[in-house]
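Enquirer: This is the structure, below, for whatever I ask next.
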Amino acid sequence: MTARETALKILSAIDQNTEFSDSILRKYFSQAGLSRVDQNLARELVSGVLRHRAKLDWLLDGSLKRGLKSLNALEANILRLGLYQVAFLDKIPAFAAVNESVELVKRFGRKEIIGLTNAVLRDIIRNKKYLKKPDTGDKVKDAGVEYSHPEWLIERWVKQLGWDDTLKILEFNNSPAPVIIRANRLKAPAENLFEQLEAGGFGPKCLEIIPQAIEIDNPSGLVDNELFVRGQFYFQDSSAQAAGMLFGAKEGDSILDLCAAPGGKAGLALEQADGRADMFALDRSFRKLPRVRENFIRLGLDSWYLINGDAVDIKFKTAFDLVLADVPCTGLGVIRRRLDLRWRIREADIQRMAGLQSLILENAAGLVKPGGAVVYSTCTLTPEENQDQIKGFLTRHPEFWLDPAEKYLPAVLCQNGFLAAWPQLHQMDGAFAARLIKNKNI
């Protein structure tokens with residue numbers, strides 16, 4: 001199977017599946033037997049089509065006499081793949097993109113679409129239609145096409161943040177996500193890991209704002225490298241690492257992670273405690289627990305227990321020193337990494353998620369010891385899931401108080417006592433976190 005055939009199958013699977021694109025990519029790559037070069041091309045093609053889908057559809061719809069609706073789903077994806085290569089990939093010659101698209105139609109599409117595919121793509125190239133920008137006079141509508149984001153989301157951000165910040169977020173979301181790793185302090189200091197990565201040609205760059213975070217400029221082959229296999233680092237964006245800096249895990253702590261998979265934040269908490277704490281890693285999805293186990297073992301962590309259960313109503317006979325609630329959320333801070341999320345999420349999901357988060361937080365309140373901490377975190381940007389959630393909780397629970405994030409994090413990442421990482425301000429994934437302390441005298 002070629003890179004383009006694999007990309008087509010992945011795009012079709014994403015259209016029909018509730019799984020996120022990254023898990024579908026992993027599944028297909030394990031089956032396709034592609035070389036690393038072809039894997040990289042397939043990943044680029046899938047990512048590009050998802051990232052620019054509205055712009056691609058707008059261009060195609062204006063170039064097809066009967067519009068995109070005249071094509072079936074598979075044929076539409078073939079044309080999207082071809083147009084993406086023409087419009088956004090300089091390294092692929094236009095004639096090659098057209099020819100490969102025609103070959104895909106011959107194999108997977110209807111015969112009558114073969115000539116159409118060739119004609120439409122060549123017309124777009126000849127007239128440089130891919131340089132066109134929408135200009136209806138409706139700023140939100142035009143931005144929705146140009147940056148390939150749903151209009152409801154753009155409208156929401158404009159009301160919340162203003163037009164300039166909204167445009168910066170849209171641009172950020174359409175930029176390639178860098179590879180960030182967290183140095184495993186139990187294995188070696190970050191400085192040592194940096195030197196080894198540099199010697200291996202991976203192009204590491206320290207991110208001073210987050211002590212254990214290292215950006216990788218040349219990640220090719222990194223997952224196969226001994227450094228990864230030996231557990232000297234974990235793939236984790238800097239904003240997620242910033243949320244972990246609020247944990248304050250100590251030696252001897254009993255720690256409960258209510259939404260543990262894939263184990264990144266739980267692992268960070270154990271590293272903070274120098275591996276001398278007890279971790280109870282809970283997840284509702286039984287099929288995700290093996291990956292948590294895999295990560296813990298690779299990182300060399302001890303004293304952990306995996307539990308299949310629901311964070312909303314799980315009960316324990318004893319309380320914990322630290323409870324982590326990295327809750328399910330709309331994920332609007334990580335759109336540049338979860339490229340299909342922008343097309344899956346609906347505005348109604350915000351209230352639905354906020355309701356679920358509130359239930360998890362309520363349960364967490366009863367699972368932590370007096371004097372212990374609950375750390376609530378999300379990777380989204382909505383007030384309903386972030387600061388409003390915490391304000392409501394503190395109103396209902398006067399036995400808790402907000403431990404200011406400024407005690408644990410650089411002030412630039414803090415807002416009103418919370419971690420508030422904003423893509424347009426900090427050039428990292430969006431994230432929110434709050435550290436809540438339960439009064440000792442209750």
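Just so it is clear, glycine is given a Cβ too, placed from its N, Cα and C backbone atoms.
Curation plays no part in TrEMBL annotations; they are all automatic predictions.
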Enquirer: If TrEMBL says Cys259, Ala260, Ala261, Pro262, Gly263, Gly264, Lys265, Asp283, Asp310 bind S-adenosyl-L-methionine, which of Asp274, Asp302, Asp321, Asp326 does it name for the same site?
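Expert: Answer, per TrEMBL (S-adenosyl-L-methionine site with Cys259, Ala260, Ala261, Pro262, Gly263, Gly264, Lys265, Asp283, Asp310), from Asp274, Asp302, Asp321, Asp326: Asp326.
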Enquirer: Select one residue from Cys259, Ala261, Cys379: among these recorded positions, choose the one with the most other Cβ atoms within 10 Å of its Cβ.
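Expert: Its Cβ has the most other Cβ atoms within 10 Å: Cys379.
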Enquirer: If you count the other Cβ atoms within 10 Å of each Cβ, which of the binding-site residues Gly263, Lys265, Asp310 comes out on top?
Expert: Gly263
